[in-house]
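Dumping the structure here so I can ask a few things about it.
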Amino acid sequence: MVSSGLIIGAGAVLALWAVLYGLSGKREVDPLTGEPIQKEEGLEVDLFVAMWRTKRLLGFIDRTASRARKFWKVYGDVGIVVGFMGMAYVFYALLKTALAALQTQGKQAGVQLVIPGLTIPLWYGLIGLAVVMVVHELSHGVVARADKLPLKSVGLVLFLVIPGAFVEPDEEELKKAPLRTRLRVYGAGSLANIVTALIAVMVINFALTPLFQPAGIEVAGVIENSPAFGVLEAGDVITGINGETIRTLEDFERVINGTRPGEVIALTILRNGEEKSLSLKLGARENDPEKPYIGIYLGQHYTSKVGHEALVFPLFFAFYWIYILNLGIGLMNLFPLVPLDGGRMLDDVLKEYLPEKLARPVRYATIGVGLLLLALNIWPALLNLAR
């Protein structure tokens, strides 16, 4: 049965595309060829593909590249090395999860679809994706200009519901460039994402995590018909048991291990910011009747040492999703399948070093295996989404 949320989401997507088609207007057509003329700037919409181009950032990219041309070339060389290492890692990781998906008939998680508001948090997801796109495409552009390759435009793109950004090089000039230059350009984007992920995780570990302190045990969920059912609720924070302060999971485990099945314990909890006192009769574990059983899923609850929780927690989650999305998408972009950067890197190397008679079957085999691995990894994610 299709969920109402999925129906509403599909309706919103169709409405968005209707607006985009209306804003784009009728495309100009070349009178000689009858082909649509590509706009140098502005909005252009095809079948569920929308592109907005501008030349406004080209000057900034030129200035950035010209100030440290040698640095950006070395940066591009590092991107080549990281690119091929990442390519091998992603291929291995997807092969491993594909085999696991086959063995578990899709129950083992593969790749996670990145859909803000559906598979990842809406606002943190949008912030993370914006950072992914900006650093990725600017890195492509700066490295291209460091090697004096011309750029035509920069812009935003939307594939159905997947947002993106792009720096549009002069493809003819890029094809004529030496292999090393092309590989620098292709590898620069993912390197920027990986570097951004490393910066984000350092900010999390050294600047944000020290601001937090454990302040109780959060009830993540309550098992139906368990002793806690009807007493505790998801979101409650346990701060005391039998008069003892509970700050960490270790505190909770120590106090509970000192109780017995059938004993009534006194709980101090926070519910929606309000302190409450509750009583709960412990049950017995099925696999060990002498040990107490409550029937809740637990999580560590934190508060800010410096206050300002309305600022500190959003900052933490924003940097967390910047880290996760930059690392995941940056690596995934190195998968050896055209049009991903990893695919373009491998394709250009095959063309350079192998005769066409040998390069072509290798290319087709790579495409076939790549598509199969992607399908096997996306299959569990689609099943979870349908549920």
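Positions of Cβ are set from backbone N, Cα and C atoms, glycine also.
No curator has checked TrEMBL annotations; they are predicted automatically.
Note that this is a predicted model, so its numbers are computed, not measured.
I grabbed these lines from TrEMBL:
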{"type": "DOMAIN", "residues": "214-273", "note": "domain 'PDZ'"}
{"type": "TRANSMEM", "residues": "6-23", "note": "transmembrane segment"}
{"type": "TRANSMEM", "residues": "74-95", "note": "transmembrane segment"}
{"type": "TRANSMEM", "residues": "115-137", "note": "transmembrane segment"}
{"type": "TRANSMEM", "residues": "149-166", "note": "transmembrane segment"}
{"type": "TRANSMEM", "residues": "186-208", "note": "transmembrane segment"}
{"type": "TRANSMEM", "residues": "311-335", "note": "transmembrane segment"}
{"type": "TRANSMEM", "residues": "364-386", "note": "transmembrane segment"}
So which residues does the transmembrane segment (115-137) touch in its own chain, when a touch means Cβ under 8 Å and the partner is 6 or more beyond its ends?
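Beyond its ends, the transmembrane segment (115-137) has Cβ neighbours at 9, 154, 156, 161, 163-167, 189-190, 192-193, 195-196, 317-318, 320-322, 324-326, 329-330, 333, 381, 385.
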How many helix, strand and coil residues does the domain 'PDZ' (214-273) contain under DSSP?
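Split by secondary structure, the domain 'PDZ' (214-273) comes out as 8 helix, 26 strand, 26 coil.
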Same chain only, please: residues at least 6 beyond the ends of the transmembrane segment (74-95) with a C-beta under 8 Å from a C-beta of the stretch. Say none if there are none.
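Those are 110-111, 139, 143, 146-147, 180, 183-188, 190-191, 194, 330-332, 334-336, 341-342, 345-346, 373-374, 377, in sequence order.
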